[in-house]
Amino acid sequence: MDWAAQYRPQHLQDIVGNGSAIRQIAEWGRSWHTGVRPLILYGKPGIGKTTAAHALARDMGWDVIELNASDQRTKGVIEKIAGAGSTTASLTGTGRRLIIFDEADNIHGNADRGGARAIAEVIRSSLQPIILIANDLYGLDQSIRRLCDTVQFRALTTKTIAAHLHYICSREGVDCDAAALQQIADNSGGDMRSAVNSLSAAAIGTDHVSTAEVQTSQKDERTSIFELIKAIHAGADDDILLRYAREVNDTPDTIEQWIEESIGSVKDTEDKAYAYETLARADRFIGRTYRRQYYTLWKYASALMVMGPAEAAGGRGIHARIMPPERWRKMGTGRKQKSLRSNIMGKLGETYHIPGNALREDFFTPITKLIEADPEVYARALYLDRDELEFFIGDKTQAASIAKTLAKERREEERGYTKKKVKKGQKAEKETPKKAPDVQPTLTAEDDPPEAPPAQETVNEVADPKPAAAPEPVPDTSQKTLFDGF
Ligand SMILES: Nc1ncnc2c1ncn2[C@@H]1O[C@H](COP(=O)(O)OP(=O)(O)OP(=O)(O)O)[C@@H](O)[C@H]1O
């Protein structure tokens, strides 16, 4: 059993932290009678809400009926299970039964259509105590919220978490450095479940946990997508799959695409269809998550996308290389092609002064024909690079060889041009002293003023210490035609 389940507090008094919330729940339970408003326990995950509801039932000797989000919480199901349970006597006859609606902030969409109304109805007519559990109080339907009292659970302090981890270590006979426990507690974000899981990961195969083990295990904890896919196909237990899905450092939509890719290796058509069907359902949850910005739904998406395909794969393992989704490659190629095409259009339009539409509709084919007929000439004239040329001629090798020739040509041209530039610069430097005497001497008081001031141009030329710049090549502004290349 994993440590989080093993060390789940059984009684209210064993729950650490959130003292006032626990007192409020205990008091509510003690004084409960028909007609008392239900409680909504809300707060972030892993801090003891569900544990508290069950511990209360145990302390009070009540049976429990629990409906969580993985149950199809349609109106019919709620009325059948919770409704009947809430208005009849308990299994043990006289006792009470606590009705727990876990993840009550997730009653949306088709499966839960009418669910919120049904829960409100159950609350109104219930003869039994009811507790609802939610992460987000305002994710609960208003019609339900109005009928309940609320109990807030706060994130646990690192001190509380570290102390509880210390208790678990002592029960497990694991020697743990205080600094290591502190580190786990700090990283848990107030979530006890995550802290306990981190501790159990760090303690695997050792009876001494130091910060080194914590760091290594926290690195290892980031399950890779490959491990998740392997586990799905190997038929790992649901809780392991869910943990892996949580730990993989990708969003559920990305994980879903990896899983989709791996489904190709499921041989049986019916199994494959089932796997795709569960992925499609997961996809709907992902869509809702983004539409509503309600990230709790991610949990359901993750559960569906790992558990469905795992069932379909039937533990037969994956006998193919785990590959990134094919559609990513296609999308990448598509994007590249699109940007290539738009670059080419831009070049052609600018060079030949043809508007985009006309280019696409009337000129593109003839231009392609011309380029195919003499690729090198056009590649030179249009400065086409290898990919652009390949786009026209569809021959990778030829495009590469032409591009290489042209690149060489350009390098040589540049070298020649630089040489010319340097020569010219040297010439200019040599010539300068000749002109310099005209204006160069610094005037002193004794010198006769020059008869006439030197022309401004000459003064500037001499005052500028830089060698005369080589003339910039005059851009060819004349309009090009399609046949300029020849
Ligand atoms: N306050 C706590 N004291 C001791 N253990 C706790 C506490 N909170 C959480 N845990 C540990 O974490 C596990 C999960 O807690 P629980 O299911 O109650 O969290 P939750 O708040 O209901 O989370 P969720 O919203 O995800 O359902 C428990 O089994 C227990 O091991």
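Just so you know, glycine gets a Cβ as well, placed from its N, Cα and C.
What TrEMBL records for this protein:
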type: BINDING; residues: Gly43, Lys44, Pro45, Gly46, Ile47, Gly48, Lys49, Thr50; note: ATP binding site
type: COMPBIAS; residues: 426-437; note: compositional bias 'Basic and acidic residues'
type: COMPBIAS; residues: 476-486; note: compositional bias 'Polar residues'
type: DOMAIN; residues: 35-157; note: domain 'AAA+ ATPase'
type: REGION; residues: 409-486; note: region 'Disordered'
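All features noted in TrEMBL, drawn onto the structure.
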| residue | record | Cβ contacts under 8 Å, 6 or more apart |
| --- | --- | --- |
| Gly43 | ATP binding site | Lys49, Asn135, Gln152, Phe153, Arg154, Ala155 |
| Lys44 | ATP binding site | Asn135, Phe153, Ala155, Gly190, Asp191 |
| Pro45 | ATP binding site | Asn135, Asp191, Arg193 |
| Gly46 | ATP binding site | Asp191, Met192, Arg193, Ser194 |
| Ile47 | ATP binding site | Gly17, Asn18, Phe153, Arg154, Ala155, Leu156, Gly190, Asp191, Met192 |
| Gly48 | ATP binding site | Pro9, Ile15, Val16, Gly17, Asn18, Phe153, Leu156, Met192 |
| Thr50 | ATP binding site | Ile100, Asp102, Ile133 |
Residues near the ATP site, Gly43, Lys44, Pro45, Gly46, Ile47, Gly48, Lys49, Thr50 excluded, by Cβ within 8 Å of the Cβ center? Asn135, Phe153, Asp191, Met192, Arg193
Neighbour count, 10 Å Cβ-Cβ cut-off, for Lys49 (ATP binding site): what number do you get? 27
